[in-house]
Amino acid sequence: MSGFAKLKSWLYKASLFVSLILLIGFSVVLPIDSIAQASKSENNAFNTFIVVGALVVFGVFCIFIIIGRMLFHKSCLKDIPRRYIPITPADLPHRSSREAVLQNMERSKELTILLKKPKDPVIHDGLEPPRRCDYPLDEKLFPEYLNYADCIKSLTDRLKYHGLFLNNLDVRMNLEDTFADVVNSQFVNHNANKIQLEKAKEFIDLYETIRFSGKDVTRDQFIKFVKFCLYFGEVSLTRDTSFANLHNFRLNGSSNNIGRTESKYSINPFDENEYAQDDMHYFPEPPTHLVRESSISTVARHVSSGVDLTNSEEHPLDTDSDCNALRLKLSKADSYRSVIRH
């Protein structure tokens, strides 16, 4: 600020101070003189009432003006954008203050760039971290910001509302059965495999710890839980219960070729041929059973009501003549261009 500008500022402040002193002095003299003159008059009570009433009206009027000015000033401040920073001389005449504002803005920019990527990995329990906060050498197994607890809860929701446990539709359970009861009935009861028994107990303990401990799920717990699900899912797929009633039929090598022609259906839910992709939109979610392939032949035959294989009292098929007889029965049965959904 130049010398002439400083002189103007000092003259303005001095004149304002003198004017305020004179205004206050004359304002104080007037009510005092009015009260003194009223007290000397003959009608003291009436004159005093008039003077005091005038002073009260004047005071109320002054208060009204001051409050109105404050409200007007506040409304003017609201019109200023909140993100506006006063960096111009008209907004902030003090030069040092403007320079401090500009320096802090530059520092904030540097800190933003510096802290955008943390120095060390930041991993919080319960949520999959983004790639920029994760360990750079670890393989990214799950999507970013995946909620571990929601994924685990969906397993019990599918069991509770859909009767589906690890993609196994053959779940015999009661309404009061818990997750542990289902695991015990599927993999513990009547099971002599020590490895499966041990893993089933660990699976139950891990699930109950995650669901009822009240703590966030760690990444290690979630990875271990997913491994257990994959393991027991594979174990469930090896248990084919659809032909349990036909265990008495021991087919030899020639009879195994019955009905094994190239089919237009596949049990691979991730089949990527054009026919499978065309039919995928019919399913609300990836199918867990059979998907069409490119062939137009039949993969299975529907046995009519006249042919009862499950309750057959015949002896097991050991000779070629028995196999030929069975093939003749199947050829006379009704045929469908469909599959048996397991």
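Any Cβ shown, glycine's included, is placed from N, Cα and C.
As written in Swiss-Prot, here are the features:
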- 1-15: topological domain 'Cytoplasmic' (TOPO_DOM)
- 37-47: topological domain 'Extracellular' (TOPO_DOM)
- 69-342: topological domain 'Cytoplasmic' (TOPO_DOM)
- 16-36: transmembrane segment (TRANSMEM)
- 48-68: transmembrane segment (TRANSMEM)
Pull the DSSP breakdown for the topological domain 'Extracellular' (37-47) and write it out as helix, strand, coil residue counts. 8 helix, 0 strand, 3 coil
What are the helix, strand and coil residue counts for the topological domain 'Cytoplasmic' (1-15) according to DSSP? 13 helix, 0 strand, 2 coil
Please give the sequence-distant neighbours of the topological domain 'Extracellular' (37-47): residues at least 6 beyond its ends with Cβ less than 8 Å from one of its Cβ atoms. none
Residue numbers, six or more beyond the limits of the topological domain 'Cytoplasmic' (1-15), whose CB comes under 8 Å of its CB atoms: 93, 95
